[in-house]
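Engineer: As annotated in TrEMBL:
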- 76-95: compositional bias 'Basic residues' (COMPBIAS)
- 99-108: compositional bias 'Basic and acidic residues' (COMPBIAS)
- 4-62: domain 'Tudor' (DOMAIN)
- 211-230: transmembrane segment (TRANSMEM)
- 250-273: transmembrane segment (TRANSMEM)
- 294-313: transmembrane segment (TRANSMEM)
- 325-344: transmembrane segment (TRANSMEM)
- 455-475: transmembrane segment (TRANSMEM)
- 481-500: transmembrane segment (TRANSMEM)
- 521-542: transmembrane segment (TRANSMEM)
- 562-581: transmembrane segment (TRANSMEM)
C-alpha cells in the first residue's frame, strides 16, 4: 500500500478535473482503498482527486520565485509592462527569439484555458423520477442553475484568458491580443457546438437489457388482461389460475375502438385550445427550452361538462363496464401502433434530440424505452400530452362508470360506501396532478426518458385500466364497511396525501427559487454541479418522502375492498416494487452525478423510503 503524501487539513493546490488549472484546496480525508483524496475548494465544493492531481503550494511558489529572480532587469520590465499592457518597456529591446518564445507560450496558455473551459462546461451540463406518474424526479431535490451555466459559457472565455495571462505575466501587444482572443473564442464555441450535437450512447441498460425489454413488451399486456379476467370471476382467487379465456373474436369490436379514438382526439382538441399559461421546460442538451401549455385542469373541467351532458341525455356510461376488456384491447393496440410510429420517426431525429436513456443502438431496447426524447408534431408534444390527458382523466371516467354499473347491477339507489371512498381518493389524486401540472416538467419521464412503448403503454393502458382495478373489483365483489372503518381509512389517505403533496411542493419550490425567504429554514449540501441536496424538512426525514406518501395512499385505496382476496392489493405490491426499482435507479444516478456530496447526504439521511426500516 503506498504511503499517503498529504495529511488531513493540509492546504495544497488541486487540479480541477479535466483541466490544467490548479486551485487552492484543503485535504479533508483519504481513502486507502481507492487511493483518492477528498479535497474542499474555497467555495465549499468537495471532489475526490488522485495524488497526481495534487501539488504542494511550495512547488508553485518555487517556480514563481525562480522565474521572477532569474533576471532582475526582466523583473523590472515585467512590472513596467503590468502598468501599461501592450507597451514595451523603454530602453530595452526584446530579441526575435524571445519574442517567438513569448508568442508560443501565450498561444499554449490560451489553448489550455479553452480546454479547461470546455471540460468545465461538460462537467456542469445538466442531466435530469417520476413520483407515481407525475411528480417525482431524482428525489435528491436539486437547485437548477442551468441559466448560470449558459451565461458562464458565454462570459468565461474572456475572463479565464485574462486571468491566466495575468497569472503568468503574458501581455501581448493590443492588436495581437484582440485578434487571438477572437480566434480562440471562435474555436471554443465551435467545440461547444460539436459536443452538443453528439448524443452519447446509452451504456447502462435497465429492465434486463435487450432480453428483459423484449419480454416486457408481451408481459405487460398479458398482466393487464389477466387482472381484468380475474376480476370478472366469482372467485378471483390465485388458486383459480389460469382464468377461463374468452373467445378471441369477443375481444375486439370496431365500435369500441372508434369510441377510444374519439376519446383520444377529444383530449387532443382540449390540449390545443389556447387557454392556460405557456411555460418553458428545463433546458435540453443544446440549451434550448421547449414551451408547454398548462391547461390540463381546464381539459378536466371540459371533460366533466361533456360527461355531465351525456348523462343528462341518458347515455348509459356503464357501457364502459360491459365492454371493459374490449376497451383495454383497443387501448393496447393503439399504444402499439403509436410506439411503432414513434420509433420510425425517431430514426430521422437529430442526435441531440435523442433520449439519454434510449440511445443504446439496440432496436428492441430503444423501442421499449423510447428513442426520441420529445417527439412533437409542430407544437403538439406527444409525450407530454399522453402523460396526463387520455389515461389519467380516463381513469376518473372509468371509476365513475364502475360506480354507475354497481348501482345498476345491484339495484342500489346510492353507491356503496366502499365505492365512494375509492372514487373520492383517486379523484383527489388526479385533480392534484392536473392542478400541479407544471411539476411534471421536472420529472424523469419528461427530462430523461424517451417516448416509446414503455410510456405509451403505461400512459394509455396501465394507468386507466390497472389503477381503476379497485373500482372494477367492487362491482362484482361488493364489500360493506362501517362508518368508523371508513373514517380510519380516510384519515390514512389524508396522511399519505399530506406527505406526498407537502414533500413535492417543498422540492419544487426549492428548485425554482432556492433564495425564497419562505425556504430560509431549509438546509442543503452544496454539490460540484452548483445544485443543492436538501437535508431538512421532509427530505431530511427520508430520501424519498413522496414515495412514502404514494405507498400510504395506495394502501388506503385498497382497504375498502376488504381482505377476502389479494387481487385488489396488486396495485400496492406493484407500486412498492416499482418505487424500489426507481429508488435504486435514483441512487445510482445521484451517486454518479454528485459523488462525495451524495455520500454525505446518505450519511445525513440514512433511510430511503420507510423510516427506521428501509
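Glycine residues also receive a Cβ, built from the backbone N, Cα and C atoms like all the rest.
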Engineer: Any contact between the transmembrane segment (211-230) and the transmembrane segment (294-313), i.e. 3 or more CB pairs below 8 Å with pairs at least 6 residues apart?
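Structural biologist: Contact between the transmembrane segment (294-313) and the transmembrane segment (211-230): absent, because fewer than 3 Cβ pairs are under 8 Å.
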Engineer: So which residues does the transmembrane segment (455-475) touch in its own chain, when a touch means Cβ under 8 Å and the partner is 6 or more beyond its ends?
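Structural biologist: Non-local partners: 133, 220-221, 224, 227-228, 231, 236, 321, 324, 327-328, 331-332, 334-336, 338-339, 342, 370, 383, 386-387, 390-392, 394-395, 398-399, 402-403, 405-406, 409, 416, 418-419, 422-423, 426, 445, 449, 557-558, 560-561, 565, 567-568, 570-571, 574.
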Engineer: Over the domain 'Tudor' (4-62), what is the model's average pLDDT?
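Structural biologist: Here the predicted model's pLDDT, averaged over the domain 'Tudor' (4-62), is 81.
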Engineer: Looking only at the recorded stretches 294-313, 325-344, 562-581, which one has the largest tally of CB-CB distances under 8 Å to the transmembrane segment (250-273)?
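Structural biologist: Comparing 294-313, 325-344, 562-581 against the transmembrane segment (250-273), the winner is 325-344.
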Engineer: Which residues of the same chain, at least 6 past either end of the transmembrane segment (294-313), have a Cβ under 8 Å from a Cβ in it?
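Structural biologist: Sequence-remote neighbours of the transmembrane segment (294-313) are 266-267, 270-271, 273, 275-279, 388-389, 393, 396-397, 400, 430-431, 433-435, 437-438.
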Engineer: Would you kindly list the residues that approach the transmembrane segment (562-581) from elsewhere in its chain, counting only those six or more residues past its ends and only Cβ-Cβ distances under 8 Å?
Structural biologist: 132, 227, 230-231, 236-238, 418, 466-467, 469-470, 473, 477, 479, 481, 544, 547, 550-551, 554-555, 609
